[in-house]
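The annotation region 'Disordered' is assigned in TrEMBL to 1-25. Feature annotation from TrEMBL assigns domain 'Pyrroline-5-carboxylate reductase catalytic N-terminal' to 29-116. Per TrEMBL, the feature transmembrane segment maps to 211-229, 261-281, 302-323, 356-376, 388-409, 429-451. Residues annotated as domain 'Ferric oxidoreductase' in TrEMBL: 259-392.
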Amino acid sequence: MSRGDMAKPLLGHGSTEGDPSLTPASGRTIGVLGSGDFARSLAIRLVCSGFKVVVGSRNPKRKASLFPSAAEVTFQAEAVKKTDVIFVAVFREHYSTLCDLADVLAGKILVDVSNNTEINHHKESNAEYLASLFPACTVVKGFNVVSAWTLQSGARDGNKQVLICSNNQEAKRTVAEIAQVMGFTPVDMGCLSSASEIENIPLRLLPAWKIPIFLALGLFLCFFTYNLIRQVIHPFIREQKNKFYKIPIEVVNTTLPCVSYVMLSLVYLPGVLAACSQLYYGTKYRRFPDWLDQWLQHRKQIGLLSFFCAALHAVYSLCLPMRRSHRYLLIETAVKQAMEKKMNIWVEEEVWRMEIYISVGIIALGLLSLLAITSLPSIANSLNWREFSFIQSSLGFTALVVSTLHTLTYGWSRAFDENQYKFYLPPTYTLTLLVPCTVIIARVIFSLPCIRHRLLRIRRGWEKGRYVKFVLPSATGEYSSGETSSNV
């Protein structure tokens, strides 16, 4: 990869012209100990950011071809002597191999970029262990949350944050300047004791998605079991009909929209509960319960999972006519109609129902797609707050209403047909309407002028029961002070 190609992602972001605070960092010599993938990516990015790079390797002749030509590849002792800032890009188990360089490393800044294979694998962090081996050095933890791919592709193609911690403020400032010149955003995480938490971050697998995923799986299992009883178990017990072939496609396809619809309503239900809490207590400064606070923070993930289930439902629905069972049933129905000499089987009501049902479903999926796209950081960052709020709140609520219409046209009048209550269980879609309809009714109530005005006042800082000073004249003509509640 050429230097020009590597520099492109940093144009307009990594330039140091006109920024005197970054001038000392740019152009300085940086050392890199190690010759692995991360060390090579780090050397490439440093070179393309205008730094002089000296790479220390135990086999410099064999490793030189792996690094850019502008970087000097030499023995570790020689590399350490030529710079005061050294990136230690070796694994924790190899730190002891650097002990022979202790005298040469004295007084230098060591940037530990390593990670573990397991969370809290060791009692002390890698950075603290490195500091214990080289007490004469200043150790800074940083760049471990940045991948080798991000280093090569540029800061705009990955997470721009570089988490930094150290016991030395000057060393942190130096590393922060280097990170800024490279196009990243340094974040001060405090003392070196924070290194354990920083090292655990890359090892966590989708930490913000655990609760939403378990929620989606729980809903899927509940609705799948319910539909299995109604569509497969009931005809098998009551009519001795084997319909287990419906499980892979039909039962799943009936379950997916239920999960998607309920998950979408769960995106807006916590906002309703938060508004009720604010109206009840008359203040916005009272902390929400932890469960509601967590719920509010996971709305984005819940919404994306709702879109995922809706998209799967659309694909499953398109594949329904492709099934062999569907063809057999279609032929069987045609033969029965021919034998009964039924020439006209057109049912006007059913035709209109299906046309409206499919049309509204397409609109709902389109709105969900728009919500999902604007949830992406690259898209969300290009929108101002009013635009983002309009799409996620107003259009999101519209998507919920349209999804409700989609569900109602699917059910039509079957909720009043006693044959639909198998094992005395109501149709599945009637259960899915409970939470969304509650949210819609609550949002309509909150839109009433008297309630909307009060809620707006609370969110602008007004509090129920807050006392204000006033002054009244006494009987003698003198003025005395008193207090009254602001909600009087």
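Every residue, even glycine, has its Cβ placed from backbone N, Cα and C.
Automated prediction, rather than curation, is the source of TrEMBL annotations.
In the predicted model, the domain 'Pyrroline-5-carboxylate reductase catalytic N-terminal' (29-116) shows an average pLDDT of 94. Residues 257, 260-261, 264-265, 267-268, 303, 353, 356-357, 360-361, 363-364, 367-368, 370-371, 374-375, 380, 429, 432-433, 436-437, 439-440, 443 of the same chain sit 6 or more residues outside the transmembrane segment (388-409) yet have a Cβ under 8 Å from a Cβ within it. Nonlocal intrachain contacts for the transmembrane segment (302-323), taken as residues 6+ away from its ends with a CB within less than 8 angstroms of a stretch CB, comprise 212-213, 215-216, 249-250, 252-253, 256-257, 259-261, 263-264, 266-267, 361, 364-365, 368-369, 371-372, 375, 396. Through the fold, the transmembrane segment (261-281) approaches residues 215-216, 219, 288, 292, 295-296, 299, 302-303, 305-306, 309, 368, 396-397, 399-400, 403, 407, 432, 435-436, 438-439, 442-443, 446, 451, 454-455, 458-459, 464 of its own chain, all at least 6 residues removed from its boundaries and within a Cβ separation under 8 Å. For the domain 'Pyrroline-5-carboxylate reductase catalytic N-terminal' (29-116), the number of residues in each DSSP class (helix H, G, I; strand E, B; coil) is 39 helix, 23 strand, 26 coil. Per DSSP, the domain 'Ferric oxidoreductase' (259-392) is made up of 110 helix, 0 strand, 24 coil.
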